[in-house]
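These come from TrEMBL:
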- 38-60: transmembrane segment (TRANSMEM)
- 81-106: transmembrane segment (TRANSMEM)
- 112-131: transmembrane segment (TRANSMEM)
- 143-161: transmembrane segment (TRANSMEM)
- 167-186: transmembrane segment (TRANSMEM)
- 215-248: transmembrane segment (TRANSMEM)
- 268-288: transmembrane segment (TRANSMEM)
Amino acid sequence: MLKPWLLAIRPKTLAASVSPILLGSALAYHDGLLQPLNLWLALICALCLQIAVNLANDWFDGRSGVDTALRKGPTRVTQAGLMSPFQLLLGLGLVSALAIASGLWLVALSSWGLLAFGLAALLAVFAYSGGPWPLASHALGEVTVLLFFGWLAVGGSYYVHTLQINPVVMGYGTVAGLISAAIMLVNNIRDIATDRPANKHTLAVVLGDNRARQLYVGLLITAVVGHLVISFPLGLVSLIPVLMMTPFLRRLVGAIRVRQGAGLNLQLAQTAQLVLLYCLAMSAVLVVF
């Protein structure tokens, strides 16, 4: 019974929610303002929201017919009949409740101004795949990821410790968000063949396979350049994350040109590892130096 739930929550995607929280908190630590309890609450809230997005996406896509037997991605439990829609909704309700509880606790400890951002994040859980105008079906998936897994995750996690925000923090949020957006783009490139007949107009469907792959490379290159610009005041230590990422970047840039179908599942997993590597490496630099 545990395996279907692991398939449904998609553990490999969770790095995209945890890593920017760690980066934002490391920025707060660097400024001498880290609040440990706030860090744990932010991590719990972010994890629960990511799991909720995955469960909702499985439920909505299974219900709408987007997920079919032709799909090349990891198993979707609704489409495969491994779990009933009702079971998914129960799980979705549970993790949403945990996200709300941890979020409200975090709001009480920091600022009630966070409530608006929390409500927006919760709304995005359902608006991404469902509702009258699903974001994922209107070429807005990558922008949504940049907003919530970049700017909001890094900026918001910094804010819960410091009650302030600044351009440098948002710059790091942009870097993390661009890499996370590349994860979403790989997912959508893989699913072009099944999304197009289902009238799911992802950015990859709109751009076409070749241009979407070019955009993927552009996102990663822009992220590296952005990091170098925003980290320039730190000096040579700012090169540590780039040096650690370079072997992965070379592999990913080369592989995106040739991988097809199910082979893009590995590309997706490795891109998720890249955002985790970047955020951990940059967090270590901020904590140590």
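Using the three backbone atoms N, Cα and C, a Cβ is placed for every residue, glycine included.
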Worksheet item: Does the transmembrane segment (143-161) make contact with the transmembrane segment (215-248) through 3 or more Cβ pairs under 8 Å, each pair 6 or more apart in sequence?
Response: no
Worksheet item: Looking only at residues six or more beyond either end of the transmembrane segment (268-288), which have a C-beta under 8 A from one in the stretch?
Response: 12-13, 15-16, 18-20, 22-23, 25-27, 29-30, 172, 175-176, 179-180, 182-183, 186-187, 190, 220, 223, 227, 231, 234, 237-238, 240-241, 244-245, 248-249, 251-252, 255
Discussion item. At a C-beta cut-off of under 8 Å, are there same-chain residues at least 6 beyond the transmembrane segment (215-248) that contact it? List them, or none.
Written reply: 168, 171-172, 174-175, 178-179, 181-182, 185-186, 189, 203, 207, 256, 270, 273-274, 277-278, 281-282, 284-285, 289
